[in-house]
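Chemist: Submitted below is the structure of interest, expressed as structure tokens.
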Amino acid sequence: MEKKLLIIVIVFLFSTIQVFCRIDDKTFVISNETYLSYHFPVDSEYFSSLNFEHYEGPSFQLDFECITFNGTICFSQIYPEIKKKIYGTSISYSTQKTYKLDQELFPTPIVSSPFQPPTKGGISILKGTFLTFSEKTFYQVIYPKKQKIFILDSESLSFDATNFKVNCPPGCGYQIIKWDNGNLFNFSYSNPSISVVKINPSNIIVNGSDFCDSSYSSNITIDGVIIPNSNYEKDEDSIVIIYTQQHTIKSLMKIETSNVTSVEIEIVFKPEPLLINSVPYSKGGLLILEGLRLSSNTTNKNNNNNNIIIKIGNITCSNAISISNDSITCNLNPGFNNKSVTLNNLPVSVTINNITNENKLLFNYGIVKLNPNKYSLPDRVLQLNGDCLGNSNGTIVYLNGKETLLNDLKINNQETTLSFKIPDEFKSKLNVSIKVNDILSNEIQIDISFYASHSNEQPSTNGNTNIIFTLYNIKSENYNKIPSIIIIPEQIVINGVSVNSPTNQDVHSYSFLIPAGCGKKDIQIIIGSQSCLSSITYFEPIIKNCLVSGFDGTNGNIICDGSFGNKDYLIKSSVLFSNDEIIPPSINSTTFSFPLISGYHSDDLIFQMCGVQSKPFKLNISPSLKGINQSQMETLGGKFYILGEFFSANINCSVFCNDKEYEKKFENSKTISFDLQIPGPNDITCNYTFDNGKNTGDFKIEYPLPLIENTSSINVNGGNLTIYGKNFYNVSNIKVEVDNQLKCNKIEFINLNSLTCFLPPFIETLFNDQKLLLNSSTTIFSKKLLLNVTFESKTWSGYIFQYSKEEIKNNDTSENSTNDILNHEKNNNNQKDGSSLSKKSIILLSILLPSFIILIVSLAIVILVIKRNKTKHSKNMSSKEKELMKQ
């Protein structure tokens with residue numbers, strides 16, 4: 001019984017010892033990149049080292065220093081060479097027994113460099129400390145879904161636990177890794193980045209990286225508007241967005257995927273002109289550009305047009321007007337106005353709101369072209385549209401390849417429309433081409449076997465109008481068919497009603513009820529299997545009268561009355577006046593008005609509605625004179641300006657100077673200039689007249705005074721003197737004087753900034769109040785002399801001239817007195833220098849002589865002492881010798 005009790009006690013003690021040899025659960029670890037410590041509670045076992053077993057190679061032991069005070073703290077400095085070794089397949093410690101270190105006591109890994117794997121996944125670098133404290137092959141991602149990040153080469157002898165590769169799975173956005181000790185690490189995949197944005201007519205292609213695959217939803221916004229998920233497709237490297245922008249504009253695009261936001265990027269929707277017509281080199285004309293985004297998003301139409309600049313080569317095309325989002329017009333001046341303008345391959349530049357097109361479109365003068373898609377055939381009169389069609393006398397027309405003489409050929413002044421009656425011999429297909437100035441156009445084919453004509457009545461803008469069309473060459477199989485008209489832009493179909501009993505079945509008239517509309521409409525007429533093209537033009541607006549009302553010198557209005565059509569279409573109307581397109585703020589069917597503003601001038605006023613223009617009304621605005629400016633005159637003349645308001649190019653004004661009339665130049669509606677190339681220096685009075693003599697006056701041209709800035713260097717011997725400055729005049733009467741006494745002769749004008757003359761030698765008697773002493777305060781070399789330069793009525797005076805002190809040569813007897821004086825001054829200077837030298841010698845001698853005497857005395861004393869010592873020595877030697885001899 002006692003033995004059994006003893007065994008139980010021993011087993012209990014042994015088990016108790018085992019428990020108390022384990023590390024207390026309250027132990028905790030503190031670590032950073034250079035430090036690792038374990039904190040053990042009071043009465044707990046502790047360890048002073050950790051042992052790391054590796055897959056390959058020897059194990060590594062990390063030793064700690066331990067301090068016991070209110071528990072025990074064991075710590076170790078973690079040096080760079082140690083960081084690479086503290087990892088292992090097994091980590092153990094020993095007290096009285098060896099134990100495996102619990103994962104809760106692993107230090108939390110420290111990631112020291114940014115860790116943002118690509119969304120495609122793949123190889124990334126992980127850097128830090130304690131990253132693989134317990135040697136492993138992967139990290140566990142727990143959010144947003146469970147995935148593994150694999151550690152590469154962890155079993156290799158060359159494995160660096162502070163810097164190694166990991167293989168990441170595809171992912172997106174924020175992720176969470178759970179470390180071995182239970183702590184969490186947040187990281188995110190790379191943010192999306194945009195490298196290239198390509199804008200197409202119907203989509204935007206965004207190329208970049210890290211957009212995440214299609215399994216992750218994205219929020220894409222353009223100017224804050226969310227793009228629906230159904231309107232884009234994406235992968236990690238690109239996004240294709242279905243998007244159409246009709247205007248030239250800068251927009252902001254933001255891409256957000258899985259709560260990761262890219263940098264907001266500006267995308268620019270640039271104008272893209274694709275087609276341009278041609279105009280004659282000698283005339284210029286209206287250019288029509290067609291393409292994409294040919295308008296701004298400005299709601300004010302006037303501001304929209306003000307922000308449009310079109311350049312053909314280096315020429316600015318004036319009065320640019322955005323007709324629609326796809327079309328712009330402007331007026332191009334004749335090419336011969338600028339001799340540097342070439343005929344061909346001029347680049348077209350369209351700038352809207354400071355945004356310029358990038359695509360390449362070239363313009364060529366004088367390209368003869370027929371438009372195959374725009375023609376009409378009323379009553380066998382073929383009406384063609386095109387470019388550079390020439391004139392009725394010079395254009396050659398080819399029908400079916402043969403030159404055809406046409407007596408009724410009509411071509412408008414702009415060379416854009418051509419019409420003629422088709423000769424009777426042509427019955428079916430007609431091939432048409434023209435030749436202008438030996439340039440042959442393209443050839444177009446027209447079916448003339450079936451055509452139509454209509455009455456002169458215009459469809460109304462206010463209501464339905466019956467218009468009678470007569471159809472010709474109707475085929476027999478179509479006799480009983482009901483004809484129809486299709487208004488092409490709106491695709492409105494109107495059926496015709498017969499208006500007469502046919503006497504000839506192949507020619508028949510029908511009435512068509514045309515609905516209210518606006519502008520010119522292309523139509524297609526169909527009967528059975530036959531069709532042809534034609535057009536109808538709605539009511540043409542009429543201007544009866546226009547006047548300027550209520551102008552007080554600053555404000556006023558232009559008011560017009562007439563017949564302007566249906567009020568419902570007036571929103572599509574505008575006024576062309578003074579090279580501007582104006583939207584009248586006040587308008588109804590009979591009246592419109594708009595403000596009179598600076599920049600307007602007398603001009604033809606045209607009202608247009610839906611592209612149909614009224615006949616021009618000549619509106620006269622009395623010009624207003626506000627002032628003149630002749631301040632920009634220089635030595636050779638300059639500009640004279642008449643300033644005011646409402647000037648036109650044909651305003652009558654003139655300037656007379658010295659009974660000569662000078663030609664005006666119209667600058668703009670506020671400025672007229674005159675180039676008065678009248679050389680100075682003598683001021684003159686001129687006369688101007690303005691607005692047919694309603695205002696006259698005199699003005700004086702005052703030329704600037706000359707300004708002397710510098711002269712060349714010259715000595716008293718005289719010689720060529722160059723004078724530099726500004727505002728010199730090329731006149732015969734030029735005078736140059738020094739100190740009001742010495743006159744310069746042989747004066748020569750060089751340019752507006754310099755002249756030369758010969759200055760005679762200096763004569764002392766002329767300067768009776770001065771002495772020619774180089775170092776005297778009264779010498780002519782020590783101060784600047786008065787220089788006078790006169791160009792007829794203009795004089796400059798100033799103390800700027802000074803003689804040079806350079807060596808003076810005896811060139812003639814007139815210089816002897818000067819040279820004698822100079823030599824006298826030099827002799828005086830030499831005497832002064834000698835006197836100064838004597839004084840210096842005396843001072844030096846008084847210092848050196850006593851020193852020399854002291855040196856001699858000292859030397860004598862030294863010699864005397866030496867002699868005495870020798871005498872004494874010789875005496876001592878003699879006495880010794882005597883004693884030796886005695887011995």
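Our numbering is plain: 1 for the first residue shown, then up by one each step along the chain.
Backbone N, Cα and C define each Cβ position, glycine as well.
It should be emphasised that the depicted structure is a prediction, and the values quoted were computed from it without experimental measurement.
Grabbed the feature section from Swiss-Prot, which reads as follows:
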- 1-21: signal peptide (SIGNAL)
- 22-845: topological domain 'Extracellular' (TOPO_DOM)
- ASN186: N-linked glycosylation site (CARBOHYD)
- 277-365: domain 'IPT/TIG 1' (DOMAIN)
- ASN297: N-linked glycosylation site (CARBOHYD)
- ASN314: N-linked glycosylation site (CARBOHYD)
- ASN325: N-linked glycosylation site (CARBOHYD)
- ASN338: N-linked glycosylation site (CARBOHYD)
- ASN354: N-linked glycosylation site (CARBOHYD)
- ASN393: N-linked glycosylation site (CARBOHYD)
- ASN588: N-linked glycosylation site (CARBOHYD)
- ASN629: N-linked glycosylation site (CARBOHYD)
- ASN710: N-linked glycosylation site (CARBOHYD)
- 710-767: domain 'IPT/TIG 2' (DOMAIN)
- ASN720: N-linked glycosylation site (CARBOHYD)
- ASN730: N-linked glycosylation site (CARBOHYD)
- 811-835: region 'Disordered' (REGION)
- 846-866: transmembrane segment (TRANSMEM)
- 867-887: topological domain 'Cytoplasmic' (TOPO_DOM)
Chemist: Which has the fewest other Cβ atoms within 10 Å: ASN297, ASN393, ASN730, the glycosylation sites listed?
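Modeler: Output over glycosylation sites ASN297, ASN393, ASN730: least Cβ neighbours within 10 Å is ASN393.
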Chemist: Measuring Cα to Cα, tell me the gap between ASN314 (N-linked glycosylation site) and ASN720 (N-linked glycosylation site) in whole angstrom.
Modeler: 50
Chemist: Secondary structure at ASN393 (N-linked glycosylation site) (DSSP, helix/strand/coil)?
Modeler: coil
Chemist: To what whole number does the mean pLDDT across the domain 'IPT/TIG 1' (277-365) round?
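Modeler: Per the prediction, mean pLDDT sits at 85 for the domain 'IPT/TIG 1' (277-365).
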Chemist: I need the most crowded of these glycosylation sites: ASN325, ASN720. Count other C-beta atoms within 10 angstroms of each C-beta and give me the top one.
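Modeler: Of the glycosylation sites ASN325, ASN720, the most buried by Cβ count within 10 Å is ASN325.
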Chemist: Which whole-number value in Å describes the distance between the Cα atoms of ASN629 (N-linked glycosylation site) and ASN297 (N-linked glycosylation site)?
Modeler: 41
Chemist: Taking DSSP states H, G and I as helix and E and B as strand, how many residues of the domain 'IPT/TIG 1' (277-365) are helix, strand and coil?
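Modeler: Split by secondary structure, the domain 'IPT/TIG 1' (277-365) comes out as 9 helix, 41 strand, 39 coil.
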Chemist: Near ASN314 (N-linked glycosylation site), how many other Cβ atoms are within 10 Å of its Cβ?
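Modeler: ASN314 (N-linked glycosylation site): 11 neighbouring Cβ atoms within 10 Å.
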Chemist: Using only C-alpha positions, which one of ASN186, ASN354, ASN588 is spatially nearest ASN720 (N-linked glycosylation site)? These are the glycosylation sites in the record.
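Modeler: For ASN720 (N-linked glycosylation site), the spatially nearest of the glycosylation sites is ASN354.
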Chemist: Which one of these glycosylation sites has the most other Cβ atoms within 10 Å of its own Cβ: ASN186, ASN354, ASN588, ASN629?
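Modeler: The most densely surrounded of these glycosylation sites is ASN629.
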Chemist: Who sits close to ASN710 (N-linked glycosylation site): which same-chain residues at least 6 apart have their Cβ under 8 Å from its Cβ?
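Modeler: When sequence neighbours closer than 6 are ignored, ASN710 (N-linked glycosylation site) has ILE723, TYR724, GLY725, ILE800 within Cβ distance under 8 Å.
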Chemist: Between ASN325 (N-linked glycosylation site) and ASN354 (N-linked glycosylation site), find the distance joining the two CA atoms and give it rounded to the nearest Å.
Modeler: 17
